[in-house]
Ligand SMILES: Nc1ncnc2c1ncn2[C@@H]1O[C@H](COP(=O)(O)OP(=O)(O)OP(=O)(O)O)[C@@H](O)[C@H]1O
Ligand SMILES: [Mg+2]
């Protein structure tokens with residue numbers, strides 16, 4: 001059966017609409033991600049020709065103490081970021097009251113999220129300053145002498161992560177506030193009639209309804225922890241002596257400072273692999289929910 | 001010439017067979033109503049005619065043109081949706097004129113068509129409003145108006161009145177019937193509502209599980225359903241069904257039904273294909289049941305009487321005489337009586353019927369009684 | 001609502017509750033106050049170690065003048081606008097088109113494509129760094145606005161497509177069927193039905209994109225080198241090195257950098273929150 005010309009046009013339009021965005025995304029994003037893996041199998045200074053080295057970049061990673069520092073720091077980031085969803089939920093519960101000034105308070109709680117990470121970084125460098133920072137002030141108040149957290153290889157990563165936690169908590173709070181607004185009023189009412197209170201109410205009636213939101217908050221916090229870069233660059237540049245690098249930052253350093261693009265690409269690939277675990281977990285759940293919806 | 005002709009239409013959703021070998025011819029100006037249980041494929045059939053879903057095989061002609069592969073906009077149809085599907089960002093006038101605008105008709109023509117349709121539907125004073133500002137009945141009118149302005153060969157309606165309250169539904173039903181007469185257009189109409197089907201249709205199409213069970217004039221279908229399914233689907237309250245066994249076929253059909261004396265149904269269809277010993281189902285419309293002691297009778301206790309003024313619906317428990325597949329989900333017999341005070345609840349009645357009014361269905365569901373003529 | 005609301009009939013309790021919330025909020029925003037306070041100070045004040053007391057003299061204007069005249073922040077600021085505004089506009093256009101197709105047209109591989117967009121959006125940026133930088137160098141775009149614009153548009157199109165797809169998929173199906181039955185082509189449906197209906201989503205998306213792109217730092221330092229094209233985030237980071245102890249000027253510059261996203265946020269707060277929760281993903 002011949003389709004009319006018009007009908008053909010109808011079929012072609014979607015393809016034409018899809019093409020520009022899709023092509024750009026495929027070329028710049030997808031192709032680049034694949035190419036990174038290819039580069040990781042080479043030695044390359046970024047200018048000259050690439051030489052095939054097989055898996056030796058990865059072998060080198062295994063023996064590189066800096067790599068293990070980065071990996072350990074990534075684990076610390078993940079662990080500390082687990083705090084973001086519960087803290088966000090706590091603040092969301094705190095401000096979810098219909099009292100006159102609460103709207104403004106909510107907006108102000110969101111604020112850290114709107115600030116650029118560079119801004120947050122600068123603010124926290126100031127906060128941690130051992131001579132005049134807020135932290136120092138607190139220590140003085142208790143008669144202790146303040147530590148220079150950003151120059152301590154034990155504390156530096158924690159200090160940076162806590163700074164990054166600030167906007168992340170705000171983000172989780174937004175998600176939970178939205179979740180709290182979609183709670184089924186009748187189920188809450190039923191819970192009240194059954195005399196559920198406080199913790200019981202939260203545990204048995206509210207949280208089950210927030211499962212979807214909590215999942216998203218958790219997934220996004222984990223992914224956010226793994227991709228953190230800006231704040232390390234601004235606050236410590238990976239220092240002191242490389243003790244606060246993570247895979248993302250080390251990758252950047254190896255490539256752009258040491259001109260070891262192949263090695264950098266190998267680091268990026270490892271990061272990619274770790275991230276993929278979380279992304280696949282997230283995608284599978286998302287698709288499952290989409291199907292069942 | 002026919003206006004809509006479907007030939008061997010088949011439709012699959014992946015492995016699910018949604019339309020099975022549909023053949024249907026609709027004459028110009030005809031008002032055809034499609035009924036059937038939920039999920040039987042009414043909307044699918046309507047969307048296939050509209051071109052909103054592609055059929056897997058078969059052929060669709062509209063006004064003599066093969067439109068099987070034609071885009072919906074070029075089929076000469078207009079569709080009215082259950083949810084109205086008005087464009088929320090456009091005014092009523094823009095909604096109604098959108099189809100013509102797409103056809104690149106001149107402004108003046110669009111305005112004239114919109115105005116004319118608005119006058120027919122009495123919505124001229126809301127032309128500048130947005131759909132969100134209208135009442136349910138007004139939205140419904142706009143949706144119909146949107147269809148009218150395009151002057152289609154065929155109007156398709158998918159349960160257009162089901163979101164309205166009872167009073168508005170009656171009003172719109174009458175208006176639609178008037179509109180049909182006035183425009184003389186072909187209309188295909190899907191509904192769940194028995195009254196709409198019986199009153200509006202020139203012909204009713206009964207669908208079940210993607211298959212056409214029977215097509216015919218409303219009263220014809222009511223009087224002579226081809227099978228158990230159609231008999232049970234049309235008519236409210238629903239027909240009473242009693243299971244029994246065939247005893248003898250020497251004069252009519254003599255059967256044994258638990259709880260009844262021996263019944264002999266006088267006239268069977270020529271090709272009934274029954275044998276003594278077959279399981280059969282006896283069908284009796286509630287209005288054919290009586291309590292005056294005549295015909296075949298059995299004692300029963302009146303469980304509940306619903307007095308509706310003009311008529312009463314009675315539910316009676318008749319011991320071993322049990323209905324199957326009733327509306328009420330019980331085994332009581334349903335009776336529909338004319339005006340007059342029904343007996344008190346709990347009293348004992350002699351319920352009965354005239355065997356000439358009864359239907360008999362073979363085990364495979366076919367109607368095996370002879371066609372009944374108009375009384 | 002949960003938690004249980006404090007009833008109107010207990011005004012004192014409501015007041016006390018609000019006071020508690022504001023105290024928590026004050027602690028929460030303490031770092032911001034510190035920066036604000038410092039931006040008001042004079043250099044002498046800072047040097048004298050007065051970090052937390054009231055400024056001896058309000059010198060906000062002086063600090064801002066220093067930011068504008070003695071640093072390149074104003075130029076960086078303009079650069080950021082030149083990068084952010086066109087990128088945002090382009091992403092809105094592209095993602096409306098792709099989102100519409102993904103939401104309304106079935107075709108083989110649609111789910112895979114959808115998954116690719118999500119995965120790409122969550123990928124650590126470092127995964128693309130080397131090839132993208134290489135690509136921009138070979139296109140002759142390295143260290144130009146074009147490099148940043150192209151990258152941001154490509155990357156954000158992933159996120160924005162998901163966002164638009166979800167929004168468009170939630171529009172009632174019958175609306176689209178009605179338009180098709182009236183003969184509208186896919187292009188006409190897009191322009192006449194979809195675009196007017198997704199305006200709230202576009203508003204929400206535009207502010208999110210603006211914030212994401214404005215706040216980018218990583219690509220700013222990977223794809224640019226010279227001051228002529230550097231955006232504010234990179235500029236601010238540099239400033240910290242150059243003006244190491246002039247915290248009053250750095251603080252003023254920090255506030256300056258934060259102005260556009262914060263202003264956008266307060267103007268379009270409803271859209272911002274709706275956007276984040278609708279997309280539930282952050283670029
Ligand atoms: N897009 C689809 N994909 C898969 N199956 C579908 C789809 N649309 C409909 N079906 C199935 O096809 C069958 C017929 O659906 P249809 O909507 O035509 O029913 P209907 O008779 O209009 O029902 P109702 O009276 O409830 O509106 C149903 O079983 C339905 O589940
Ligand atoms: Mg239907």
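Positions of Cβ are set from backbone N, Cα and C atoms, glycine also.
In TrEMBL this protein carries:
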DOMAIN    C:77-268  domain 'ABC transmembrane type-1'
TRANSMEM  C:12-37  transmembrane segment
TRANSMEM  C:76-95  transmembrane segment
TRANSMEM  C:107-124  transmembrane segment
TRANSMEM  C:144-168  transmembrane segment
TRANSMEM  C:189-214  transmembrane segment
TRANSMEM  C:249-268  transmembrane segment
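Panel annotation: around the transmembrane segment (C:249-268), residues 35-36, 38-39, 43, 60, 63-64, 66-67, 70-71, 73, 77, 80-81, 203-204, 207, 210-211, 214-215, 232-233, 235-236, 239-240, 243 of the same chain, lying at least six beyond its termini, place a Cβ under 8 Å from a Cβ of the stretch. Per-stretch counts of Cβ pairs under 8 Å to the transmembrane segment (C:76-95) identify C:144-168 as the leading one among C:12-37, C:144-168, C:189-214. Long-range contacts of the transmembrane segment (C:12-37) within its own chain (CB-CB distance under 8 A, at least 6 residues past either end) are made by residues 6, 51-52, 55, 251, 254-255. Tertiary proximity for the transmembrane segment (C:189-214) is limited to same-chain residues at least six positions away from its ends with a CB under 8 Å from its CB atoms, namely 80, 83-84, 87-88, 91-92, 95-97, 100, 104, 152, 156, 160, 163-164, 167-168, 171, 175-176, 179-180, 231-233, 260-261, 264-265, 268, 271-272, 274-276, 278-279, 282-283.
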